[in-house]
Amino acid sequence: LRVPATKRPLRLFDFFTSAKFLIYMGHALSTWGDRMWNFAVAVFLVELYGNSLLLTAVYGLVVAGSVLLLGAIIGDWVDRNPRLKVAQTSLLVQNSCVIACGILLMVVFQFKEQLVELYNGWILTTCYILVITIANIANLASTATSITIQRDWVVVVAGQDSSRLADMNATVRIIDQLTNILAPMLVGQIMAFGSHYIGCGFISGWNLCSMCVEYALLWKVYQKTPALAVKAGQKEQQQELKQLNLENGQSPEESSQPLMNETSLVAKPDSPKQTGCCYQVSEPLRTFKSGWVAYYNQNIFFAGMSLAFLYMTVLGFDCITTGYAYTQGLNGSVLSLLMGASAVSGICGTVAFTWVRKKCGLIRTGFISGVAQLSCLMLCVVSVFAPGSPFDLSVSPFQDIYAHLIGEKTLPEAEHSAFTIFNTTTAAPAEELPPLQSYMSVSLLFAGVIAARVGLWSFDLTVTQLIQENVIESERGVINGVQNSMNYLLDLLHFIMVILAPNQEAFGLLVIISVSFVAMGHTMYFRFAFKSLGSRLFLCCSPEQKVETDDSPSLPTTV
């Protein structure tokens, strides 16, 4: 029997030249540059401001606030413009801003002493403002790139194949995990054995080269995937114009002429209200409102909210948990090993997602992942009451802040209070901290955090694919933009929570609050899943029996 061409194994050359592999390559280059820059910019700002976290905190607040306010507007811009234009513009803006920011930082590092003396330091302050502003623009462009490539292009390249989409999402997430480990290590070594000046130059040079390669890869993917050339709104417009031309007695050949003139003929003139200055100025506000309203009206609203609630947590490897680990006697070597174990756990969760989805379906995968994550986080709750935990409700969360304000503490006493949690750069070395009676509490804490990464990343992929499959093509950008805004909002709230309770005695309370928000998030997902599947949610079908249109929906391509 002759094997059909569709059943033959894909040749290696065909795979390396396929649109799917080119997207992986472009995403790897983009993510590598983003991870290097995100790691380095925090270090640069700390170094510039005398080992203080003030500039870093301001930068984080500006970035979170910008995405929160502009997420829907960015997504709407992605929806309204051609795919290639959006991808190329966001790529050029992002990399150009990083290059400009790197060059500016090189100037500041090289001539900092001279800049301090000019105009009483106002020139240096202006440089700080420019660095934060340009870096924020780069982050907004990165958000647009993420929305258009990961949330739109990947869906189009996958076609109508839900399994292929799941595999592509998982591969993209594995690339994220690997670059999150390796990229900071590389730039960290360059800055350690060279200097911050060399680090800035390396990142600027990398982004310049990467921008050219990514630009070429985007063009190749666009050529290999004709469906990327037309969006849903454009398809609908073409059909309406053809129907109008046929009604007017025009031939199909005449109706195939350029659409711009035809559109101008049938378009209704704008009313005076729509051409006024006030209307144009208020357009971003209307876009912001309509984006959030559209997000609320989605059938996957509770699934998206559940993912956002997972950002309201201190149970991750950020500066908060790392600073707490230092106060508990863990040194940098141990923390680096724990971060590596966390990344491996995340990759395992990504691989588990593809396997569980094939066995149980997409919606059930999210439910199973949520149960797994919440179960592992119970270890973190137990760690609050385990031997060695500094948890003490008798100590006021505001005690350290009040003491700093009235000056009751001396500097050596203050080093082990609020700022120790945030400032891992200037924190006292682990050996100078009071010895712990037991490491059981901190061990249970990190065991729960690392184990929960399996369920976390699997759940994240589930919600991502649910949004990809259930949001119509003409709204993908704005819905994902609002989703990013929700994620940043909850992430911002978790930092505010830490500011209100910064001492290590209150960290156990933050752990309990974090697990509570995770539980609320998964409760929202359970409501979504039960509404979608009903009692079938608890019936894990075999592969032969699993044929469910609501569990594995087809990918919508038109409005």
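Cβ atoms here come from the backbone N, Cα and C positions, even for glycine.
Unlike curated records, TrEMBL annotations are generated automatically.
As annotated in TrEMBL, transmembrane segment covers the listed stretch 12-33 rather than the other ranges in 12-33, 166-187, 210-231. Within the same chain, residues 335, 338-339, 342, 366, 370, 377, 380, 420-424, 427, 430, 433, 442, 446, 448-449, 452, 456, 459-460, 463, 466-467, 470-471, 479, 483, 486-491, 493-495, 497-498, 504, 507, 510-511, 514-515, 517-518, 520-525, 527-528 sit at least 6 positions outside the transmembrane segment (300-326) and bring their C-beta atoms closer than 8 Å to a C-beta of that stretch. Spatially, the transmembrane segment (438-456) is adjacent to the transmembrane segment (332-355); three or more Cβ-Cβ distances between them are under 8 Å for residues at least 6 apart in sequence. Scored by C-beta pairs under 8 angstroms, the transmembrane segment (53-78) has its highest count with 121-141, from the stretches 12-33, 121-141, 367-386.
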